[in-house]
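Written out below as structure tokens is the structure these notes cover.
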């Protein structure tokens, strides 16, 4: 039986390689060369996908991380900052994951170009934050955007507006992988073209692709040659993910040989975060455990706030030299996320993806830092957008700070009716009256000019 299964795997792999060659033959020049590199990564993930025989973790082997492997932020901040903060900053690169579209908020283009506060987009705020650092400390912290084929063109057009800002901006594209038929496990696309129906045959393979695509772009080597040592990676829609000088100092002040190659910022779980990935100790290594890896019998246990008390914010600090070493050794190990999709025509396909945080087990001296909740402020929905546009936050140099009038560390829970689930709902209507003292905001129906929204925290009935 095992021999038969191995023969089938080899046959599937051989068929896949043949189909990929056919796809490459549909193009020439630069596009073909880029796709050829992408396909090397895809072949690797497809090979590992075929080898999977069961769950990626055995529940009985899961242990709580040792106390010293997850440091409280206060302990790190208590060490203070050196006089030469600029020296540390000049070793840093800020990387924002910019591959996503704003579809969940009713937008067609890159999510980073949605206006968030005072007509500033996610990208505007990011540039303002880094420019403020560079001006304050007379440093050269660059911004790197990891785009996808969905966001690259629109993002590059808008970058011209930052020409005179004191921030060097670089971009690179994450890979483009073929969607595969759920039954045949072969690509659904018949050409490399991204026009018409062919565009449905491709996908960006998750932010775990950052290691390979960053390395392949040549930008990794370029930044190392400039003396850069660490990247700070975060989602561009997490408005709490600003450069933290205390964490940076902790990284660069460690003696050689004990340098931490990977830091994951985690924060305390609430009932709203029960599905978030958490850090565990597994076979002697710090490891990220996602809910998709949890056996069904243990899902409730995984969601327990008392047992698994922290979750991954996806704010990561990673050594550039370590990325280069591990990429060249082909030693970065990430669990495969199998993401089923249905195309517009009804065809069932599979996307093979990876998550950037899953690589933590491949790095030496990895560390978790339990940071304040304020460093996790994602804007995924218009409800989140309503909060960050409200008087709950003030804006300074691209950074949002919660109002001191707010007596609770958590934000209000917002429920919006269907009229307000898309960005054009004009949240400015609510922004001045809302949030500082509220627990729950519920808004249904549409807005009538003669009947403005009621005060914060009250139930607003359908109009």
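Glycine residues also receive a Cβ, built from the backbone N, Cα and C atoms like all the rest.
Some features that TrEMBL has for this protein:
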{"type": "BINDING", "residues": "111, 174, 206, 237, 380", "note": "UTP binding site"}
{"type": "BINDING", "residues": "207", "note": "substrate binding site"}
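Within the same chain, the residues at least 6 positions away from residue 237 (UTP binding site) whose Cβ sits under 8 Å from its Cβ are 100, 111, 112, 122, 378, 379, 380, listed in sequence order.
The maximal spread of the UTP binding site, taken as the longest Cα to Cα distance among 111, 174, 206, 237, 380, is 21 Å. Summarising the environment of residue 380 (UTP binding site), the number of other Cβ atoms within 10 Å of its Cβ, over all protein chains shown, is 14. Neighbour density for residue 206 (UTP binding site): within 10 A of its CB lie 24 other CB atoms from the protein chains shown.
Sequence-distant neighbours of residue 174 (UTP binding site) (same chain, 6+ apart, CB under 8 A from its CB) are 99, 146, 147, 148, 204, 205, 207, 209, 210, 213. According to its DSSP assignment, residue 174 (UTP binding site) is coil.
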